[in-house]
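J.: Input: one structure, supplied below.
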Amino acid sequence: MAHALDIARWDLECEFNNTDHRTELNGVERLIVRRGQSFTINLHLRSGVYQPGGSALDLTVETGPQPSEQYGTQASFGLTDQINTSCWSAAITSPPGNMVSLSICSPPDAPIGRWRLTLGQGGSVDFVLLYNPWCTGDAVYMDSEEKLREYILAQDGIIYRGGWKYPIPTPWNYGQFEDGILNACLRILDMNPKCLRNPGKDASGRRNPIYVSRVLSAMVNCNDDKGVLLGRWTDDYDGGVSPLSWKGSVEILRNWDTNACQPVRFGQCWVFAAVACSVSRALGIPCRLVTNYNSAHDTNSNLVIERYVDENGQLVQKSRDMIWNYHCWVENWMTRPDLKPGFDGWQVMDPTPQEKSEGVYCCGPIPLKAIKEGELTDKYDAPFVFAEVNADVHTFMKRKDGSTKKIISSVHVGLKISTKSVGSDRREDITHLYKYPEGSDEEREAFTKANHQNKLLQQQDNAGLLIVIKVSTEMRKGCDFDVFAVITNNTPNEKKCRLVFGSRAVSYNGILGENCGFKDLLNVQLAPGEEKRVALRMNYSKYAENLTEDNLIRLAALLLDYGTQEAYLAVRNVVLVNPEIKVRILGEPKENRKLAAEITLQNPLPVPLQNCCFTVEGSNLTGGQVVTERLNSTVEPGQDAKVKIYFTPTHSGLRKLVVDFDSNKLCHVKGYRNVIIGK
């Protein structure tokens, strides 16, 4: 008969196991392992020696408050000759003696989270179990080491903002391995309403990345629960900070975790998405952040955005339907056994609270393939995401007498869908993963499946009059510049028209601000075939006080044909470019050696800058903290604001030092520098 091992003490070999499971950046003070992969514990025996076939050890693992074998949250098992990777199993890998190497493996579909392992009569140990995208049996398996370096291990990235004509790369510190962040991520799962209602069922559900992604989509916003972030889309940030002031997720997740799960104020779409990306990567789900330019917000699911303008071509708000200059969400990588074959891979998950899904503000996960193919009955929330990239835009003029008239306007949604490239800071265009080429047979087929009748019926308007807005190649904040309405008469007749050309500040989600410049020409005459350019001067003195933090101006040119009474509208958002932040690293970057960065920004405005402040952060660079350096002096036009900031890198490898500049007149200017840290 086999004798139970008499265990005196054990060694969890955290450094070896965590490194083997690619979790060592979380620290090596506790055991953090991935499912479907074995880990080793060394047992030191009080008496006797281990003999193959003559020694026994009863093991139990449990997770959640109501462990149950039926739900997969509890398992009891003994020693076997070798590890079985399809279920909880244990085998001894050392020769006979009084020190025993015990190898333990979880199944690749075990629930993630905190587990307790009981070693017979010897005591118990705690460990954290994560998804394992390196394991072929895991639902999140990804077969590219290079992609996993980006979508799991990279602690920083690039978010695309600005406009589709001028995407602006903004650095972000995801910081998923910084101190305390994994605990905060596990707490998000514990605070979700499904867990509070039925903790046993929720713990079991954590085996499934579809379930966990949907929970995260709801919990990153706080609209229905004790979620992480409160959204705010006005200029009033009392009681919190502007979403543009964040440089990374670490401060946000720590604030939420240390303040009794009170929502952090405030977020907007890229902040919600970036936090969701940090949490997904921390838990082991491959994740990337995506920007959709000219993103439609269709509130009534008719795949049509109706926009109304007044007789000056300026937008009047009549409907909750909107077109956002851009909108950010994330894609999580997983299999979809709940759908028919062919829908594995990237899934859209959107944590920004826009519309309710099953009674809760969440969205997804929905396969990109379902959006591309027009399969709108697939789970979850396909119609909303389909509309974001495919909705039709109808524009109407609302006259003073209350009547409305449809006007000719060319506005496309779902443009230049962008994400950071694998292994570089270049922009990757992934529009083709969401939609077929415009006008193709495949596009028609997808629209037919989605019952998108408006797009199917649409004929190409070959209008006799054409109006477009042209701009300079780069419009820098602080400069005066011209924008142009270009009108072409493609008819054989002379045309007499009225041109109303206006500009207004606008926020990235389409809310209009104040007037930045206006021109009304009552008598524009065009000979057959003639092209005319009408300039509108944009003066800093006029637009400076009206700009929102998004640095966007909406140009609208409305052309009225006196002869036919037809109206033509051209709309374009322009992005005013902030100055560049220059970062110079002084000295040789090495692990655990103090380093300095010289950071410079030239004042591009015709006015002095006061209350200037630089803040920097970077994963494994600034010790998980935000470093702040203020300037006491005023920075005159054309002068440099310059500081020196010190920090001590803790790990080798390629890291991003993310920089933010703030002042009274120039706010939330972002910059970064890639730093290679040597050993």
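Note: Cβ is positioned from N, Cα and C throughout, glycine not excepted.
Residues or ranges marked as active site in TrEMBL: Cys269, His327, Asp350. If you look up TrEMBL, you'll see Asn390, Asp392, Glu438, Glu443 marked as Ca(2+) binding site. According to TrEMBL, the domain 'Transglutaminase-like' annotation covers 261-353.
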J.: Using C-alpha positions only, work out which of the recorded positions Cys269, Asp350, Glu443 is nearest to His327 (active site).
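T.: Closest candidate to His327 (active site), judged by Cα separation, is Cys269.
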J.: From the DSSP assignment alone, can you count helix, strand and coil residues within the domain 'Transglutaminase-like' (261-353)?
T.: 15 helix, 41 strand, 37 coil
J.: For Glu438 (Ca(2+) binding site) and Cys269 (active site), determine the Cα separation and express it in whole Å.
T.: 27
J.: How big is the Cα-to-Cα gap, in Å, between Asp392 (Ca(2+) binding site) and Asp350 (active site)?
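T.: Here the two Cα atoms are 21 Å apart.
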J.: Just jot down the residues in the same chain as Glu443 (Ca(2+) binding site), at least 6 apart in sequence, with C-beta under 8 A of its C-beta; none if empty.
T.: Lys435, Tyr436, Pro437
J.: Quick one, of the recorded positions Asp350, Glu438, which Cβ has the fewest other Cβ within 10 Å?
T.: Glu438
J.: How big is the gap, in Å, between the Cα of Asn390 (Ca(2+) binding site) and that of Asp350 (active site), rounded to a whole number?
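T.: Pair distance, Cα basis, whole Å: 17 Å.
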J.: State the Cα to Cα distance, in Å, between Cys269 (active site) and Asp350 (active site), rounded to an integer.
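T.: Rounded to a whole number, the Cα-Cα distance is 9 Å.
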J.: So what pLDDT does the domain 'Transglutaminase-like' (261-353) average out to?
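T.: When the pLDDT values over the domain 'Transglutaminase-like' (261-353) are averaged, the result is 92.
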J.: Including all protein chains shown, what's the count of other C-beta atoms within 10 A of the C-beta of Asn390 (Ca(2+) binding site)?
T.: 24
